[in-house]
Ligand SMILES: NC(=O)C1=CN([C@@H]2O[C@H](COP(=O)(O)OP(=O)(O)OC[C@H]3O[C@@H](n4cnc5c(N)ncnc54)[C@H](OP(=O)(O)O)[C@@H]3O)[C@@H](O)[C@H]2O)C=CC1
Ligand SMILES: O=C(CO)[C@H](O)[C@H](O)COP(=O)(O)O
């Protein structure tokens, strides 16, 4: 019987909870998983939460959906997603829709959307953020795909999405084909950057000042009451307050200090390199995870000289400086992420509304933060800002924090605590505001060794100096 409003296949952490979220919101949900055990488990544990149609085969799953069908995939990105799409498509009919809510690469989404369009099937690649809890109670949802697809799917997604304080659903059509997955990828890149900055703040308080995790937890909890108010700061306070039951030690002290990554941060940086957008914070965060996991190099370098700690005591006065450095660096991280979205939007003709994009991240997602209201307003007031850093409220916020920021970066260098996030954010800020950059010298060097030419500040045209001859200038 074709009775389900929507289907979810892939019932691990995300799929299971999204299926429950749809059911709790009154939809009849067909459920399917490669191995039936997960389907049975969902029905056994949560079957009473709403209307589920449990299915064992893909054919049965597709058949159980009301036409035009909507089937959502929540499986691993890459070949697993291609396999599931193909299996679904074989049983679908023209006008049916496949929605991929996994963390797919946006280029794969563009390819899949185009291929399925040729088969008269709609394909929506959508970012979903919020982890297990968000998927169940209301994630941030970033759908791409055709406008026509959003017309029928959008209301369903909006009904299960998180809501901002003003009641707006944290879900809206981001743009065509891969735009949704692109925005989710950059969301994850900012997530990497934000987590790295928080890690550096922790490290400065721990190794720089010498505070214990429980005290640092209290500091983060306090910071979470102000302009740093965000989900990541909130959970940081929780993690730092946690005690390991087995050893009685601070939980953070029993975790191996090697940060894993599934790929979205790396994809963001790779794409930023292609687009020529300096997302230095995301790049440093991604490399910092790689450095932490580089066993061979860490082992080889462990005995290298550092500053004498006795000569470099840091007082508790620095705590508030660290808070301010964190806020300034965080503004830079978001500014860089929005630059990348703007560049991709122009490159792929997506016409992404940056204000609407910021609005999507206000609740439900991992990078949700109080200051996203202000970012939404800033882009809404002036979509041609050029850089988020140029918005009055952020330029004045940084003007107020920059002395602290500079002190923190200088202190970190002095005491030997690595702060690639704080330092690169400050360098980026100083680079942008510089009247003149040493890029002029680099152009001179390029022209010297490779006749790569340069432009002049005082006249139009392209020039080359005859470096190996009489050093006269040629206008090309
Ligand atoms: N976990 C998170 O916090 C978030 C995850 N995501 C993304 O959502 C998607 C789902 O994530 P998550 O719930 O963590 O699950 P996983 O990424 O761990 O994927 C597990 C699911 O994929 C299925 N699967 C794997 N390979 C295949 C295949 N070849 N054919 C069919 N099914 C397959 C598994 O089926 P089986 O049970 O049979 O093994 C299982 O249902 C991923 O793309 C992830 O990147 C997005 C936001 C947050
Ligand atoms: O998409 C997510 C949150 O938004 C996932 O949790 C993602 O897996 C996190 O990335 P990584 O595992 O690389 O830290």
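Quick reminder: no glycine exception, Cβ is built from N, Cα and C everywhere.
Among 70, 118, 262, only 262 appears in TrEMBL as part of the substrate site alongside 103, 129, 130, 131, 187, 188, 192, 289, 446, 452.
In sequence order, 33, 38, 74, 75 are the residues of the chain that are 6 or more apart from residue 12 (NADP(+) binding site) and have a CB within less than 8 Å of its CB. Taking a Cβ distance under 6 Å to any atom of ligand 2 as the criterion, the binding-site residues 12, 14, 103, 130, 452 reduce to 103. For residue 289 (substrate binding site), the nearest neighbour among the listed recorded positions (10, 35, 103, 184, 191), judged by C-alpha distance, is 191. For residue 10 (NADP(+) binding site), the nearest neighbour among the listed recorded positions (130, 184, 191, 192), judged by C-alpha distance, is 130. Sequence-distant neighbours of residue 103 (NADP(+) binding site) (same chain, 6+ apart, CB under 8 A from its CB) are 77, 127, 181, 184, 185, 188, 262, 263, 264.
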